[in-house]
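Features of the protein shown, as given by Swiss-Prot:
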| type | residues | note |
| --- | --- | --- |
| BINDING | Gly96, Ser97, Val98, Ser99, Val100, Gly101, Lys102, Ser103 | ATP binding site |
Amino acid sequence: MDMRTTEQQYNPYRVFTRQQWAELRNDTPMTLEPGEFSKLRSMHDRLDLQEVEEIYLPLSRLLSMYVDAAQRLYYAQRQFLGIRDRKMPYIIGVAGSVSVGKSTTARVLQALLTRWSPRPKVDLITTDGFLYPNAVLERQGLMQKKGFPESYDLPRLLAFLSDIKAGRHPVRAPVYSHLSYDIVPNQWTEIDQPDILIVEGVNVLQTGPLPRDGKAVPVVSDFFDFSVYIDAEEAVLRRWYVKRFLSLRDTAFHDPRSYFNRYALLSDEEATATAIAIWERTNLANLEDNILPTRPRATLILKKGADHEIETVALRRL
């Protein structure tokens, strides 16, 4: 038997080249203006008309079908059970490594989905707000593992998602500041009955150990209806991270309020060495141990090349 045929037969994903995926756009209209691209794009990420047309419009079309099917199934179940539950929002998870461009993908999806007809309410949160405050991380010796699963207040995040799925409103999420690198005290983002909620974070597809007694232990992805994993080779991610670090050294790090202000006066050589050290000590370990192993759990995998362009799309078979 041809090994390639065997691998394809048992592959849980259908894999598309960029050209093949672009053809699935069909007649989905472009609803974004060119001037919006720079506002949606993260630092050094790629987002232009071609990327939206060839990657995100087909994805928007697919998601519209998934959301419609989920709504019909929900109403069928409600009719079968003879109950009148509150309407549940459709939740989309966006996962991937640091510096891969999760925020760009999440913002583009929010912008496109908001423009569907009729206009749904689409909210976006990041799991950064559910990190433990720095004081807690320092007390527990976890500052060097910030972003690892153990650095998140998982019970709080699960309670938040449970309330969202149950239709409770409004539901509050803590606010995180990338400037201070910490939770902002007494500030909240309110999520009030969205039709669609996008949840973005490095570890949103993470699972925990299964209990031996068989009791149900919820994980974040249990609340997702659809999930996207943004993928790239480790060497590429490392290069993007170093490039972003150098750019921040020249911009945000100069703010006296910045947690990383101490890096603002580093030379190019010093900044590069510092970025590589941080990558290898923290981000690479998190990628290899906690993030990359969750990739097979995604509904859709977007694989990027060295120029940030999405090269292949893998869609999980039904």
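From the backbone N, Cα and C atoms, a Cβ is placed for every residue, glycine too.
Fair warning: this is a prediction, and the values are worked out from it, not measured in the lab.
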Message: Around the C-beta of Ser103 (ATP binding site), how many further C-beta atoms are within 10 angstroms, looking at every protein chain?
response: 18
- line: Minimal Cβ count within 10 Å, across the binding-site residues Ser97, Ser99, points to Ser99
Message: Quick check: with Gly96, Ser97, Val98, Ser99, Val100, Gly101, Lys102, Ser103 left out, which same-chain residues have Cβ atoms within 8 Å of the centroid of the ATP site Cβ atoms?
response: Val202, Ile230, Leu237
- line: Should one count Cβ atoms within 10 Å of each candidate's Cβ, the binding-site residues Val98, Val100 would be headed by Val100
Query: Looking at the binding-site residues Gly96, Gly101, which one has the fewest other Cβ atoms within 10 Å of its own Cβ?
result: Gly101
Statement: Taking all protein chains shown into account, the Cβ-based neighbour count within 10 Å for Lys102 (ATP binding site) is 23
